[in-house]
Amino acid sequence: QVGTLPCPLRGLCCQNLRTHHIELDHGQVRRELHQALEVWSRHSNLTFREMNSDDADIIIKFHRREHGDGYAFDGPGRILAHAFFPGADRGGDVHFDEDETWLLEYQHKDDGDGTRLFMVAAHEFGHSLGLSHSSDPTSLMFPWYQSINYSFVLPEDDQRGIQTLYGVKNRWAKIPTYNPGYGRPPWRPSYRPAVRPTTTTTTTTTTTTTTTTTHRPYHRHHHHPTTSPYPSGKPDTCDTTFDAVSVIRRETFFFKGQYMWRLAEKGGVMEGYPAPIIHLWRELPRNLTRVDAVYERLDKRIVFFIGRDMYLFDGNRLEQGYPKTLSSIGLSPEIDHIDAAMVWGYNSKTYFYSGNIYWRFDEEARYIELDYPREITTMWKGMGSHFDAAFQWKDGKTYFFKGKGFWKLNDMRMRAENDQPIPSAAFWMGCENYDLGNHPKKTKGRKKWPKEEKSAITSSSSSTTTSNICLCALLLNFLYHLLPR
């Protein structure tokens, strides 16, 4: 069955994605679709992972007119998209009408023409997951397009529907909010994360989904301080290099020495930062002088590299059996540190960098893949080597840092988009003066970086079909394909 509004998901568009004379950037579109999926995962026991494979459960495509599935589009207006209910073959897929004027969050049109991709995608993903239309006019699954803003909260009717199918969300441990005004936090954290699932069984051929959650013993690794746990000598926010950069729980963190910065949603640094790293991750060594690299895995656990050791955290809680040595995951004993680490959004693979070489890490086997290391310049061009940090930001783009500047990677060409490094302090920290040779100063007001691709929601057209709610796989993956124009 096809859900009314937009259509089935099967691949997205790549390279030069254009819709109705509006060019849509690949990373920006990915960002909007991520946000639309999170509307549902935020309130259910669903996890979505982007993958570069035709085996994805949800495949997204942009099509025009007749496109081979028996549900032709009709040009601008009316039918905006359609989605297939869970099942074999096209089940779960979503198709968008390429003739529509699709708008992203940052795009504004004075004539009111255009349809918000986020809203339509969120509605269509509801069909992909097994939800039919709702008669409640406040529901996201109401069959008519309604423009909603980025702060949209899933209505109760939709929450009940998705939780009936997939259950209430089992939350991972959260990163606590540190407020310097609260004084010193206790060294033994009182926070106890919610029980996390360790076994999940799903089926796509029946209408039952089983989730098994178990407790397992936990042994903390304690470190004994040899120096004062509270560092002194804060780095200058507007005149510093960075040891590591990462997006953790959808927040951007910069690390330098014993300190970290947390960036505000609208740009610039949150008040009270830089703050000691150990205020949030208290089971790191108390004599910590710096972290070499940090990244968040696809399962939301956080990895820190410090010298020859790696630490794995669930929220701010150190996992059992850590720290582990670099050699235990297949790196040469000669490697004494990692410069940078990230999960590359293009293929969802994990990469480690040190000096002029890099490795690809198999997260399932917990071991370095065969045929590595390789030279950085053979794969990642235009940026040299010996990076200080690397990460994928929330706009879907990949950034490499060295010294006081950074490069943005063109994932399709595998080359830096900028010939010269862009000053990090000006772009990320809200500091003035874009000359890397000068000492930058803080702006009096908060300087915003270019907007990340937030979403506005878009849904669409009509349908009188009412169908039973179907079940889909508990863990869903989705693939974006860019279709050359």
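Even glycines carry a Cβ here, placed using N, Cα and C.
Just so you know, TrEMBL annotations are computer predictions that nobody has curated.
Note on the domain 'Peptidase metallopeptidase' (16-168): mean pLDDT across this stretch is 80. Marked as domain 'Peptidase metallopeptidase' by TrEMBL: 16-168.
As annotated by TrEMBL, Ca(2+) 2 binding site applies to D57, G91, D93.
According to its DSSP assignment, D69 (Zn(2+) 1 binding site) is coil. According to TrEMBL, the Zn(2+) 1 binding site annotation covers H67, D69, H82, H95.
Under the heading Ca(2+) 3 binding site, TrEMBL lists D74, G75, D97, E100.
The Ca(2+) 1 binding site annotation in TrEMBL covers E100. When other Cβ atoms within 10 Å of the Cβ of E100 (Ca(2+) 3 binding site) are tallied across all protein chains shown, the result is 26.
According to TrEMBL, the feature Zn(2+) 2 binding site maps to H123, H127, H133, M141. According to its DSSP assignment, H123 (Zn(2+) 2 binding site) is helical.
Under the heading repeat 'Hemopexin', TrEMBL lists 235-284 (among others).
DSSP assigns D243 (Ca(2+) 4 binding site) to coil in the three-state reduction, outside any helix or strand. What TrEMBL lists as Ca(2+) 4 binding site is D243, D292, D388.
The repeat 'Hemopexin' annotation in TrEMBL covers 288-333 (among others).
The phosphotyrosine feature in TrEMBL is assigned to Y322. Other Cβ atoms within 10 Å of the Cβ of Y322 (phosphotyrosine), summed over all protein chains shown, number 15.
According to TrEMBL, the repeat 'Hemopexin' annotation covers 335-383 (among others).
Residues annotated as Ca(2+) 5 binding site in TrEMBL: A341. Around the Cβ of A341 (Ca(2+) 5 binding site), 26 further Cβ atoms fall within 10 Å across all displayed protein chains.
Annotation source TrEMBL lists repeat 'Hemopexin' at 384-431 (among others).
A gap of 42 Å separates the Cα atoms of Y322 (phosphotyrosine) and H127 (Zn(2+) 2 binding site).
If you compare Cα positions, D97 (Ca(2+) 3 binding site) sits closest to H82 out of the binding-site residues D69, H82, G91, D292. The record gives D74, G75, D97, E100 for Ca(2+) 3. Within 8 Å of the mean position of their Cβ atoms, the other Cβ atoms in that chain belong to R64, R65, F73, P76, G77, R78, I79, L80, E98, D99. Of all the binding-site residues given, namely D57, D69, D74, D93, D388, the one with the smallest number of surrounding CB atoms inside 10 A is D74.
Among the listed binding-site residues, namely H67, H82, the Cβ with the most fellow Cβ atoms inside 10 Å is that of H82.
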